[in-house]
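Participant: Quick one: the structure is below, questions incoming.
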Amino acid sequence: MAEEAKAKGNAAFSAGDFAAAVRHFSDAIALSPSNHVLYSNRSAAHASLQNYAEALADAQKTVDLKPDWPKAYSRLGAAHLGLRRHRDAFSAYKTGLQLDPDNAALKSGLADAQAAASRPPPTSPFATAFSGPDMWARLTADPTARANLQDPEFVKIMQDIQKDPNKFNLHLSDQRVMHAIGVLLNVKIQTPNHDENDHDADDDVSEDEVVSQPEPEHEPEAAVEVAEEEEEEEKETRDRKGQAQKEKEAGNAAYKKKDFETAIGHYSKALELDDEDISYLTNRAAVYLEMGKFEDCIKDCEKAVERGKELRSDYKMIARALTRKGTALAKMAKCSKDFEPAIEIFQKALTENRNPDTLKKLNEAEKAKKELEQQEYFDPKLADEAREKGNELFKQQKYPEATKHYTEAIKRNPKDAKAYSNRAACYTKLGAMPEGLKDAEKCIELDPTFSKGYTRKGAVQFSMKEYDKALETYREGLKHDPNNQELLDGIRRCVEQINKASRGDFTPEELKERQAKAMQDPEIQSILQDPVMTQVLTDFQENPRAAEEHVKNPMVMNKIQKLISAGIVQMR
């Protein structure tokens, strides 16, 4: 559905119907709100309609969803350019070019932003009035305006309008601003709060009287100084941030050289210059981590998380700080033997950003915790006692109770093959065949020479009517214990069942059950889907001479035997 709406939007955009394109892209976004391409397309449509504020919002959303996509910054730059924010447009295009230095659209946009920034602003009476060098002097020369300049709020308003004449529209209801524009444009602007007597009085004032008013010596200079101080403060902030970045780069270089003390010095200096970038804290934490100063690392990470939330920093940065803290806690846990705090922090980091590296560290911490618990619980003597209790209960046919004791024995000694063997026997008695098979295989894995493992596994497979597999298991066991009577009896029982199948001695119900079970076996499925075996089976029915040749092929006969054992094929 979202793709359909997107296609309609693209078609409308191509046809020049940008309003319709916006509607279609909005419909698509409602269906797929995390699709960055849809926001990008709608941003372009808004920009084509000269709705640059909406275009900017969509472009910013595109960047948030896909920060590594160069086109997102092309959209962002175009929106800023439409709003005449040349510096922001320049920054957006530069960021995009860092991702894709050869992108023609970004290069063109950057050139447009540079040209627009250097182009003189369009002249208008308001722009000229507010940008003139004598603005403050002319206002001071007027008695009413001079009185208004005593109010810092009014001075701030006039400074804002001087920086951006378009802000004049925000203050149309302010009598002081209207009077000031009248003074600067040399026109008479009547304000609603003046009554007729005021107009008459103003009309009676002569030009000489206006000129003869004493001019203050300091008010305009003070206003200009305020503006200059603010600009100087902004410049100083930019300079400090730039110096902080240089310190960070120097710290990174020292870190790569394993010069940790120097790296810490640079990161600390960066923090002094700019406390609004938490990467300085996380980088210093990384150095402390390498040095084994885990407590210092944790402190920096906690500061980074706290400061990051205050600044509403990127959630990825906060997640990075949490992951680094978790790593320090995990390393400390090797001594403290408490992995729970590290696990908790890793889980918290994953809620901020599901990062594969963090997930890997969480799994490692959980595994280490489990291994530690097993080490602390390990006691072969208690394991033997639990196994003996299980044996007594097994003899009493109390299989569920016996299973619990065998499980306890395994926890106490995970390497005890006998405990797995005995629990497999319990599971078989209880009809829990998959669990019994798993324990029997674990028993064989721990001790391949232990014949009980093979008898347990064979018994489970025999109970599951997988006679050919049980036969293979018993034969494998005989390799380690050739005279084991239990294994020999198992082989005899399997052969009887296989012969019974080949003679077709099963009841229809038994045959149907065996065939249904066999069809679930991937090996049986593979044999039946093999074109060569399909032809072989056909030859056995229709071409006796060809069948004689097939009988000489051991691989073919092995597969035929599997089908016979499964009840799929019967020999008559």
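Cβ from N, Cα, C; glycine included.
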Participant: From 241-258, 385-402, 403-420, 493-510, which range did Swiss-Prot mark with motif 'Bipartite nuclear localization signal'?
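Facilitator: When 241-258, 385-402, 403-420, 493-510 are checked in Swiss-Prot, motif 'Bipartite nuclear localization signal' belongs to 241-258.
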Participant: DSSP-wise, what's the residue breakdown of the repeat 'TPR 1' (2-35) into helix, strand and coil?
Facilitator: 27 helix, 0 strand, 7 coil
Participant: What average pLDDT is reported by the model for the repeat 'TPR 5' (279-311)?
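Facilitator: The answer is 93, the mean pLDDT of the model over that range.
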